[in-house]
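Marked as region 'Disordered' by TrEMBL: 1-25, 234-255. Positions annotated as compositional bias 'Basic residues' by TrEMBL: 11-25. The domain 'Ribosomal RNA methyltransferase FtsJ' feature in TrEMBL is assigned to 49-227. Here TrEMBL flags Gly81, Trp83, Asp104, Asp120, Asp144 as S-adenosyl-L-methionine binding site. Taken from TrEMBL, the feature active site, proton acceptor covers Lys184. What TrEMBL records for 238-247 is compositional bias 'Acidic residues'.
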Amino acid sequence: MTKPPAGGSRTGRKLGQKVKKGKLKASSRRWIERHINDPYVQRARLEGYRARAAFKLLEIDEKHKILDGARRIIDLGAAPGSWSQIAAKVTNSTDADPRVAAIDFLEMDPLPGVRILQMDFLDSQAPEKLKEAVGGTPNLVISDMAAPTTGHRQTDHIRTMHLCEVAAHFAIEVLAEGGHFLAKTFQGGTERDLLNLLKQNFKQVIHVKPGASRAESVEMFLLAKGFKGRKAVSADGVTEETTDEATGEAAGLEA
Ligand SMILES: C[S@@+](CC[C@H](N)C(=O)[O-])C[C@H]1O[C@@H](n2cnc3c(N)ncnc32)[C@H](O)[C@@H]1O
């Protein structure tokens, strides 16, 4: 059961700490104060997660049960790796039988049971490499990708939305029937075409804002549950059967 952390006493560190005024800019000092006083940061340290983001995934799962029955998982924008830690645990992934593939252009420390690709997800080779790394048909694709900030809010927004769209197309390309797709997006930012595409390919599409996602942040998550199967449905509603490249037959799905 994931409960919002109540306070700092269990972590051995008190909340409400201040950073001394010194050479730091006021904005940097505020960021550090917020970080060290964040109960989710403290709880992540206590429970051995690499990032507070772990609690976003756990809270979403608590309500929407997306990790239940997950057998193979692809984690997009995975560094430093807290979602991959959870993914490896729920799939019983091991180095001998890896069931989790993770990608990030940042370096990520190794994790048992996780095949890590250090590359840009937008690289044309990334989809094939991820499919190969996960070792079978995934039934969960999770994306916490956010574009590096440029300082120009609208540009950052557009770039992250683009990542979300490319991730959605990838999920539709790789998921097993019944699988789920979770991706970071922004409040009010999800394009109508993307929503339509997801609605045509998944049984349920919703926006979620977990408690661990800071209230002042425009971050939201787009959750698409119950992949309907490998039919390419474009945003205008046209359905085309895809064909298996090797056999030329309609592409089937692993149950
Ligand atoms: C919020 S962090 C992910 C945190 C992660 N879910 C965790 O639990 O540790 C977002 C990550 O997305 C990565 N990212 C952004 N754009 C990317 C891209 N085009 N390809 C690969 N990774 C990307 C960033 O490098 C960053 O590490």
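The backbone N, Cα and C atoms fix where each Cβ goes, and this holds for glycine too.
Projection of TrEMBL feature records onto the structure.
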residue : record                               : CB count, 10 Å
Gly81   : S-adenosyl-L-methionine binding site : 24
Trp83   : S-adenosyl-L-methionine binding site : 28
Asp104  : S-adenosyl-L-methionine binding site : 22
Asp120  : S-adenosyl-L-methionine binding site : 12
Asp144  : S-adenosyl-L-methionine binding site : 22
Lys184  : active site, proton acceptor         : 23
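Taken residue by residue with DSSP, Lys184 (active site, proton acceptor) is part of a strand. Candidate recorded positions: Gly81, Trp83, Lys184. Those with a Cβ under 6 Å from ligand 1, in sequence order, are Gly81, Trp83.
Distance between Cα atoms for Trp83 (S-adenosyl-L-methionine binding site) and Lys184 (active site, proton acceptor): 13 Å, as a whole number. You'll find the Cα of Asp144 (S-adenosyl-L-methionine binding site) roughly 5 Å from the Cα of Lys184 (active site, proton acceptor).
A separation of roughly 17 Å, to the nearest angstrom, links the Cα atoms of Asp120 (S-adenosyl-L-methionine binding site) and Lys184 (active site, proton acceptor).
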